[in-house]
Structures are given as structure tokens and as C-alpha cells.
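One structure, pasted below without further comment.
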Protein chains: 2
Amino acid sequence: MRTIQVKTESAKYPVVVGSGLLSTLWRRLPKRNSIFVLTSPEIWALWSKYFLASFPKGNQPAVLFLPAGEQYKRLTYIEQLASQLASHHADRSSLLVAFGGGIIGDIGGFLAAIYMRGIDYIQIPSTLLAQVDSSVGGKTGANLASGKNLIGSFHHPLSVFADIDLLRTLPDRELRAGLFESLKAGVIRDARLFRFMERNAETILKRGNKALEYVISASIRMKADVVGIDEKESGLRMILNFGHTVGHAIEAAMHYRKLLHGEAVAWGMLAALQLGRMRGTISTTNANRVERTILDYGPLPHFKTTAQRLLDAASRDKKNRAGVRRFVLPQEIGNASVIENVTDTELIAAIDWMLSKVKES
Amino acid sequence: MRTIQVKTESAKYPVVVGSGLLSTLWRRLPKRNSIFVLTSPEIWALWSKYFLASFPKGNQPAVLFLPAGEQYKRLTYIEQLASQLASHHADRSSLLVAFGGGIIGDIGGFLAAIYMRGIDYIQIPSTLLAQVDSSVGGKTGANLASGKNLIGSFHHPLSVFADIDLLRTLPDRELRAGLFESLKAGVIRDARLFRFMERNAETILKRGNKALEYVISASIRMKADVVGIDEKESGLRMILNFGHTVGHAIEAAMHYRKLLHGEAVAWGMLAALQLGRMRGTISTTNANRVERTILDYGPLPHFKTTAQRLLDAASRDKKNRAGVRRFVLPQEIGNASVIENVTDTELIAAIDWMLSKVKES
């Protein structure tokens with residue numbers, strides 16, 4: 001078991017990584033009169049027995065459900081969930097536990113952020129992606145029809161429990177998708193993590209407990225470190241978007257279907273690597289190493305679109321400010337920088353190169 | 001012109017009270033590439049010429065509309081407005097100006113709080129109630145079907161411009177409703193303001209400019225003072241809810257129809273006064289003075305309900321924590337305290353007394 005302390009300007013909380021956290025949950029929670037769990041029917045069917053095991057009789061939490069799927073990450077479902085909280089007499093001293101993947105975490109966090117202008121919540125991420133990425137940093141939110149995460153707020157949990165046991169029931173494809181975010185962590189800020197993932201792909205993909213615990217906690221430590229320095233994304237935090245400019249564009253162009261977030265980011269990282277090659281911010285040798293490692297964690301799914309369509313989608317990216325497009329380039333391995341002067345031509349060239357890889361896939 | 005500085009833990013901003021603010025707006029705003037105005041069709045029809053007068057050609061703001069009425073203070077309209085912002089390419093550097101009454105202010109503030117996880121905004125309240133109450137304190141929000149303001153967040157504006165000229169087109173009944181909040185300010189924390197309002201009801205109701213400027217700025221100063229000490233309502237800020245426990249209950253029981261917020265609060269203050277009489281926290285003489293002054297700013301509208309129904313609604317008040325009902329009692333004039341041990345029987349008695357006054361009205 002490892003504990004990483006997240007410290008930002010506005011909050012301080014622990015992320016606990018390890019086995020057996022779920023089945024001992026009750027004593028890890030703050031004592032509250034009313035506890036609510038937001039989860040998906042699938043996760044609850046698999047894990048409710050373990051979740052409830054440590055709760056005393058007469059202190060069982062109320063359970064709210066959100067079906068799985070990006071289409072449920074909308075304000076209309078938030079409103080339904082808030083109405084359920086209200087009808088169960090949840091008040092400002094109630095506690096919400098978000099138990100599920102990234103969408104449950106985002107929606108749960110946002111629900112906690114806006115219900116009665118803010119109640120406390122706990123994250124128990126059930127996917128690798130949610131454990132290494134969305135459960136740290138306080139970003140919560142929902143989608144608009146016109147774009148992902150265009151609505152939301154910053155609201156930190158009281159604590160996060162990343163239970164590795166939960167990954168036992170995670171589909172293989174989702175495991176791989178999450179590992180791409182860990183790879184990203186290595187490439188932009190932790191060369192040791194990158195090398196570990198480069199050398200131990202097989203063990204990690206076979207879900208070796210020790211290997212996973214290291215990968216997960218190193219990824220979380222990297223993110224906690226960055227968010228601690230720049231909570232509101234005015235500077236450093238932008239590097240977390242390595243692979244995300246094109247990744248988000250792919251997701252938007254595919255209407256959030258076909259690709260998992262991590263997979264789109266993996267393609268986006270390949271495009272960003274190519275831009276790094278073109279700009280000379282990363283040597284060909286290192287770029288090839290990263291590219292090979294990304295593909296080792298594949299396969300990456302095929303998709304069909306044009307460079308122009310991705311460019312258009314990238315121009316609507318919410319990371320842009322006052323019309324300036326910001327882009328994260330790798331600086332060799334273990335470092336990255338944010339630039340603002342990427343031209344459309346350069347971006348098209350990098351995307352075209354990536355699309356040629358997509359065709360081969 | 002008077003400027004009150006609001007200083008809280010999380011923000012610092014000026015509230016400017018005076019004439020001619022709207023027609024000189026442009027130079028008072030921070031320079032931004034894109035400015036959006038959220039307003040109601042009615043306010044815009046009356047005041048758009050003045051609003052736009054100071055904007056240079058080619059720098060006109062984009063205008064978003066929300067119809068007037070409590071039924072539009074819902075997440076579904078927030079989502080529509082956010083989509084409009086997105087389709088106009090609003091980004092994190094955009095500025096939103098909320099120009100209208102309390103609902104426009106609450107929805108505009110909440111929209112600014114959650115669009116792309118937070119953008120800057122300015123308040124230009126067009127009603128007296130919004131000027132003295134909802135534009136200070138950072139509370140933003142929307143209603144659920146089951147209750148008012150059950151959804152929201154704390155998000156402070158960059159500045160507030162309370163232009164007294166705007167009150168020229170305010171219907172008489174709305175002026176009176178707003179003045180009840182000013183009376184509240186006097187009763188709970190500013191004996192001088194109370195005495196001024198007690199003695200000058202006629203001048204104030206005739207909208208004397210100087211009298212209004214004093215009443216508005218004193219009310220804002222009182223609220224700024226309280227919010228500066230206790231931004232998140234863990235203690236002192238609760239006193240602002242004087243008259244609101246029963247007031248909210250009346251509004252809920254009437255489904256937010258028939259009574260204006262300030263009118264419901266006026267009835268609620270009469271109930272709280274009666275509880276103060278019963279508990280002996282205010283002398284009969286002073287209680288009668290306050291009661292008479294409240295009625296001087298009437299007439300208060302009649303409504304029909306039962307004490308039990310109001311008690312039930314009050315039990316669902318979101319100010320309650322862990323089942324404890326908190327209630328604000330007047331301590332003579334100019335002071336108030338929050339108590340947690342009001343029994344149902346006491347509350348029923350105070351409400352019954354108030355309902356007898358309603359019958360006479």
C-alpha cells in the first residue's frame with residue numbers, strides 16, 4: 001500500500017493505492033449521518049458485496065446509479081441525481097462516494113461540487129485510467145453536445161482509494177487504454193517510469209500486482225506533483241495535455257464512439273511525437289523508442305477521418321485562450337514543454353503522418 | 001457614487017453604487033477579446049441603448065437571453081446558454097456580463113462558474129433586490145423541481161455595478177420587495193439603517209435618489225461585511241437568513257408563484273419576530289416597531305396555506321445540517337443570532353400567528 005499526498009492551493013488529500021481497500025472501506029471514511037454512493041449498475045453488480053462488507057448494519061449507504069457511457073455525462077442526468085439526493089434528504093453534511101470509472105468520477109465530483117453549492121466526496125476509481133488520471137486534480141464535469149468537459153468545476157475529494165483488486169474485472173482493452181496515460185506520465189516527467197514501462201510491458205499487461213502498484217503510484221505522484229504546482233492550469237499543468245490536443249480532436253470527430261479516451265490520447269501522442277521530431281525537440285532514437293513502447297501497449301483501434309476535420313476540432317479545444325492554440329511537445333524523454341506557435345501546416349503534417357499509421361493499423 | 005469593497009477568503013472586488021454607470025460601462029470593464037451579455041428580453045428592450053452606448057463599434061458584445069421567471073432558473077436552460085457560448089467560441093478568457101434581476105444574476109454567475117470550469121463575470125443587477133442582496137456574496141445557482149437553489153456554486157464576480165438609474169423602470173411592487181431585504185439588513189446588523197428606513201418610508205418609496213443610494217449602499221456594506229467574515233456560511237453568514245426559513249417555506253408551498261421573494265421574506269420576518277417575542281430576544285416595543293415598519297413598506301400579498309405545510313417545507317430547508325434546523329432570531333434591533341433548538345411546536349405557533357396576519361391582509 002502506498003499513499004501519495006496531493007497538496008494544492010485549495011486542498012490537501014491522500015490518494016491511497018493498494019489491495020483490499022474496498023473491503024475495509026467503512027473505517028477509512030469520515031463519520032457522517034448520511035452517505036451516498038454513485039456507481040454504475042455494472043460495477044455495483046460486480047463489487048457491491050465487497051463495498052458493503054465493512055458497513056455496519058443500519059448504516060448502509062443509499063445507492064444512486066448512472067448507466068455506463070459517455071452519453072450519460074450530461075447536465076440532465078446530473079439534475080436527476082441531484083433530485084434523488086434531495087428526495088433522500090441529503091444535506092450539506094452528507095458524503096458522496098463516487099465508485100466507478102472516469103465518468104462516474106467526473107459526474108460524481110461535479111454533483112458534489114454543485115449540490116447545495118458543494119458537499120464532500122470520496123473517489124473510488126474502478127478503472128486504471130480513472131485511478132491514474134481523473135481521480136487526481138479536482139477536475140469534475142460534464143459534456144455539452146458541442147464538446148467534451150465544456151461544463152464543470154474544480155472540486156477536490158476528501159480522499160481517493162485506488163484499489164488494485166478492482167482491476168481484476170477490468171476488460172483488457174480498458175487496462176491498455178489506462179496504461180497510455182501512465183506512459184504519458186513517463187514521457188512528460190518521469191523517465192524512470194517510462195523505462196520501467198518500456199522494459200516490463202508483458203508483466204504489466206499480465207497485471208502483475210507489484211508492477212501495477214508501481215506504475216499506478218508513479219503516475220499519480222507525477223500528476224499530484226504537477227497539480228500541486230499549478231492547480232488551475234495557468235502554466236505547468238498544461239503539460240498533462242500531451243497527446244490530448246489531437247486525442248480530443250479524434251474523440252470529437254468520432255463523436256466519442258469507437259475509441260476509448262486513452263486510445264485517442266495514444267494516437268494523439270504519436271502525432272505530438274512526430275511534431276517533436278519535426279521541431280527537433282526529441283531525437284529520432286528517443287521518438288522511436290516512445291513510439292515503439294506506445295505500440296507495445298496496443299493494439300490501437302483503427303478509425304477514419306481527415307486531417308482537416310481533426311484540425312477543425314482541435315481549433316475548438318477548450319485549452320485555447322483568446323484564439324491561441326497551445327500544444328505540448330516532448331523534450332526528449334521525461335520532459336515536455338508548451339508552445340503556442342504551432343502552425344496549421346505543421347499540425348496537418350503531424351496529423352497526416354499519424355493518419356498513415358492509422359491506415360497501417 | 002459609492003464603492004464598497006467586498007473582501008472574502010477567496011476574492012476581492014468592488015461594488016459600485018450610483019447613477020450613470022451603465023452608460024459608461026465600456027471603460028469600467030476589463031479588456032477582453034470576447035464579451036457576452038446575459039440578460040432578459042424585457043430588460044434589454046428597456047436598456048440596451050444605454051448598455052451599448054459606450055461600446056466602440058466592432059467591439060459590440062454578443063447577447064444571450066433568458067426569459068424572465070423562476071421556471072427558467074433550471075439546469076436545462078444553463079445547458080442551452082453554455083451551448084450558445086460554445087457555438088460563439090467563448091473560451092476561458094471570455095467575460096460574461098450578467099445584466100438583469102436576481103435570476104439573471106444567479107444563472108449568469110453559475111454559468112460563469114461552470115463554463116469551462118470557470119470564466120470571469122460582472123454583475124449589473126437591475127432590480128433593487130438583486131442590487132442589495134444577490135449580487136454580493138458569490139452565491140450562484142439554479143433550482144431543482146424539489147427546491148430552490150439546491151444546485152449552485154460559490155463564484156465571485158470581478159465587480160458589480162449597481163446603477164440606481166435602472167430602478168426607474170422597476171415596478172413598484174418589486175421596489176417594495178427589494179426594500180424588505182434592506183430592512184432585514186437593518187434589523188440584523190445596522191440599527192442606523194433600520195431607523196433611517198423607519199423614518200423615511202415615504203421618500204424611499206418615492207425613489208428619492210439620495211435616500212436610495214444610502215439604503216442600497218448600507219445594505220450592501222452590511223452584507224459585504226458579513227460575507228467577508230464568513231464566506232461559506234459556517235457561522236455568521238447564517239444571520240442573513242433572517243426571515244428566510246419561513247420565507248423559503250412559503251415560496252416552496254406556493255410553488256414560487258404569487259409572492260415575490262422579498263415579500264415571502266417579509267412574512268418570514270414577521271414569523272421570526274413573533275418567535276423572538278416568545279423567546280424574549282426582542283422587546284415587545286422593538287418587535288412592534290419592526291413589524292410596523294415592515295407593514296409600512298407593504299402591502300404584503302395574501303396567500304393560503306397551513307402551518308403544517310410550511311413546517312414540512314421548512315424541514316427540507318437546505319440550511320439544515322444533519323437534520324438540525326437552524327433559525328435566525330432578532331436580538332433587539334441591529335443584532336441577530338442563530339439558534340438550533342427551535343421546536344416544531346414553537347415554530348408552528350409563530351407561523352400560526354403570522355398566518356393570522358395573512359388573513360387580515
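Placement of Cβ uses the backbone N, Cα and C atoms for every residue, glycine included.
TrEMBL annotations: computationally assigned, not manually curated.
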Suppose a student reads TrEMBL and sees B:GLU181, B:HIS244 listed for Zn(2+). Which of B:HIS255, B:HIS261 should they find annotated at that same site?
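Of the residues offered, the record points to B:HIS261.
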Quick one: of B:LYS148, B:GLU181, B:HIS244, B:HIS261, which binding-site residues have a CB closer than 8 A to some CB in chain A?
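Among the binding-site residues B:LYS148, B:GLU181, B:HIS244, B:HIS261, not one has a Cβ sitting under 8 Å from a Cβ of chain A.
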Roughly how many angstrom lie between the C-alpha atoms of B:HIS261 (Zn(2+) binding site) and B:LYS148 (NAD(+) binding site)?
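So the alpha carbons of B:HIS261 (Zn(2+) binding site) and B:LYS148 (NAD(+) binding site) sit roughly 11 Å from each other.
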Take the Cβ of B:LYS139 (NAD(+) binding site) and count every other Cβ within 10 Å, whichever protein chain it belongs to.
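Cβ-Cβ neighbours of B:LYS139 (NAD(+) binding site) within 10 Å number 24.
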Could you state the CA-to-CA distance between B:GLU181 (Zn(2+) binding site) and B:LYS139 (NAD(+) binding site) to the nearest Å?
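Per the Cα atoms, B:GLU181 (Zn(2+) binding site) and B:LYS139 (NAD(+) binding site) stand 16 Å apart.
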State the count of C-beta atoms found within 10 angstroms of the C-beta of B:HIS244 (Zn(2+) binding site), not counting that atom itself.
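The answer is 24 other Cβ atoms.
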Can you tell which of the binding-site residues (B:LYS148, B:GLU181, B:HIS261) has the fewest other C-beta atoms within 10 angstroms of its C-beta?
B:LYS148
